[in-house]
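Working notes for the structure below.
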Amino acid sequence: MTADAGDRVTRIALVGAPNCGKTSLFNALTGANQRVGNYSGVTVERKIGMATTPGGASLRITDLPGTYSLRARSPDEAVTRDVILGTRVDAEPFDLLMVVVDATQMRPGLRLARELADVGLPLLVVVNMIDIARHRGIDIDLDRIASELGQPVVASTAVRRAGMGALWGRIDGLIAAGLPARQPTRWAAPSAHQLRQALREADRVIAAAVTLPEHRRSFSEKVDAVVLNPFAGPVILLVLMFLMFQAVFAGAAPLMDGLSALVDAVSGAVSAALPEGLLRGLIVDGAIAGVGSVIVFLPQILILFAFILILEDLGYMARAAFLMDRIMGHAGLHGRAFIPLLSSFACAIPGIMSARVIDDERDRLMTILIAPLMTCSARIPVYTLLIGAFVPARSIGFGIGLQGLVMFALFAAGVVSALLVAFASRLLFRRREIAAPLMLDLPDYKVPQLRGVVLGLWQRARAFLRRAGTIIFYASLVVWVLSTFPYAPADATEPAINYSFAAMIGHLLAPILSPIGFTWQICVALVPGMAAREVAVAGLSTVYAVSGGDGALGTALAAQWPLATGVSLIVWYIFAPQCLSTIAVIRRETASRRWMWVSVGYMFALAYVFSFLAYHLVSALTG
Ligand SMILES: Nc1nc2c(ncn2[C@@H]2O[C@H](COP(=O)(O)OP(=O)(O)OP(=O)(O)O)[C@@H](O)[C@H]2O)c(=O)[nH]1
Ligand SMILES: [Mg+2]
């Protein structure tokens, strides 16, 4: 059976060890923009993309999560195995396996290539990151590898997207020659003995085909001597994080002022253009006040993620994982929990999903339960608003801003409480064994790619604006309706909003939440705030806009709430499960209603207890 160029789609799977550049290659081939990152386990789901070769053949390319062997240890590896072997009913079969091998670390890749030869599909071996290998003076004889493996071999530099000609040519050549049909698989899970034997075999191929330069201590090794030092390492990590939050406040201020001015201008223009009445109220006090109050926090979010993306691409985050591993191990967390927890700083949802890389069920569950305690980006608007209102913008000396310091403390509080919860449950359930350590190959430091960072920021910005335009927009309208109707009676003595549904709901909840210092307006904002955290900011903004307040929301809050209430609400947001989608994902990923309720319950309990303590402590201190 031959597949002439163009007459049908050739289905290709990208397989390889973690962090060898599969997704980069996928992007280069398909022109897609999937996320790459300089640490293992970035891709946790299959991604499919289409491409057309220069020779005109259509390709359907699947990017798989990284795996060292088809011998599956974790659920995501099982998926990869089943997809490759074609034993999954929901996955279509492949015509060609493209095995990606990291040119700077060929051992696992070559071993995997050997194993995949038994699957029964034709292989094409791609030796990626050839640029780094050349740069280091590593000489790789591709023809020799091809003859040793008995498979076609090409080199690539996937991130540059240039010089892909040889790869395209080879794909076209294979298709033109006619890809052999799938043979029955000879693959069987290798035993530990066979694995070791295969590694020796890989070493033999490397010895025959690869010439290493005389060993000099590499740049990465020299840097790591400091960065991974048991004393200096954690200090450097803390300083970097600290600088990050200083930059978030200092750098965002001018941009944020610009955005607020823009929102005010739009709001003023719409007020002037529309006659006084319901429509104007709905648009100005509902939509613009609500969505505008959240959009102004875009600069903070982008600055924070610029830092994270740059550190990630630099290769530093893998070192951070390494440094955190010991602490996490003592808290009973699996080393592989680092990446899910790190992703949770963006949003708990992808974080919880990437906990699939953890093979042990109990370790995975623990990671899922604490992931929502990491400070997700939806908390940034809430924190920034409250810090802006209640923490004075002054320096505490050495050019250190107090607001940035408090923000740093809040993020740290999230991490520390997650570790403590993990630790406490380890004691509670008497798990004696310390969790498995992180088996992470530290990648070499690389100059961050501007393209990747900009792309990452763009994806963040788009996601943020989409939320503002959908969930936050609708929630603002709901809050506006609730705080406008029913109208106040003609002989009303109090502000009109006090007669509205919102006030009724607020007063209904007030008895539960007044012990922790919340006003009824906060109660009103917290209910729609269950949909997404930022909605609480939008809700407060709308409630105060309807109450006739004008000027900045922060100023209004500082004038109307005691400090203790502000602090209590901040503490609430460290712990409270204020996001329905996260709760739904916990339910889906644990496949259990019980664990969903456990997570909701423990987080509400922590939020209530700590807000209570904070409220009464600050009240006592401030008289
Ligand atoms: N210099 C250089 N860097 C590369 C090349 N290919 C990938 N990288 C970098 O290597 C890192 C890992 O790339 P990914 O494409 O995310 O690797 P992956 O195999 O998909 O990783 P997982 O999904 O975690 O298994 C990223 O920092 C890339 O920018 C290359 O050819 N040359
Ligand atoms: Mg990937």
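Even glycines carry a Cβ here, placed using N, Cα and C.
Residues or ranges marked as domain 'FeoB-type G' by TrEMBL: 9-177. Per TrEMBL, the feature transmembrane segment maps to 226-249, 255-274, 286-311, 331-353, 365-393, 405-429, 468-488, 508-528, 535-557, 563-586, 595-618.
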Whole-number mean of pLDDT values that fall within the domain 'FeoB-type G' (9-177): 86
Long-range neighbours of the transmembrane segment (595-618), counting only residues six or more past its ends (CB under 8 A): 365, 368-369, 372-373, 417, 421, 515-517, 563-565, 567-572, 574-577, 583, 586-587
Candidates 226-249, 508-528, 563-586; stretch with most C-beta pairs under 8 Å toward the transmembrane segment (286-311): 226-249
Proximity verdict for the transmembrane segment (331-353) and the transmembrane segment (563-586), three or more C-beta pairs under 8 Å: yes
Interface check, the transmembrane segment (365-393) with the transmembrane segment (508-528), three or more C-beta pairs under 8 A: no
When counting Cβ pairs under 8 Å to the transmembrane segment (508-528), the leader among 405-429, 468-488, 563-586: 563-586
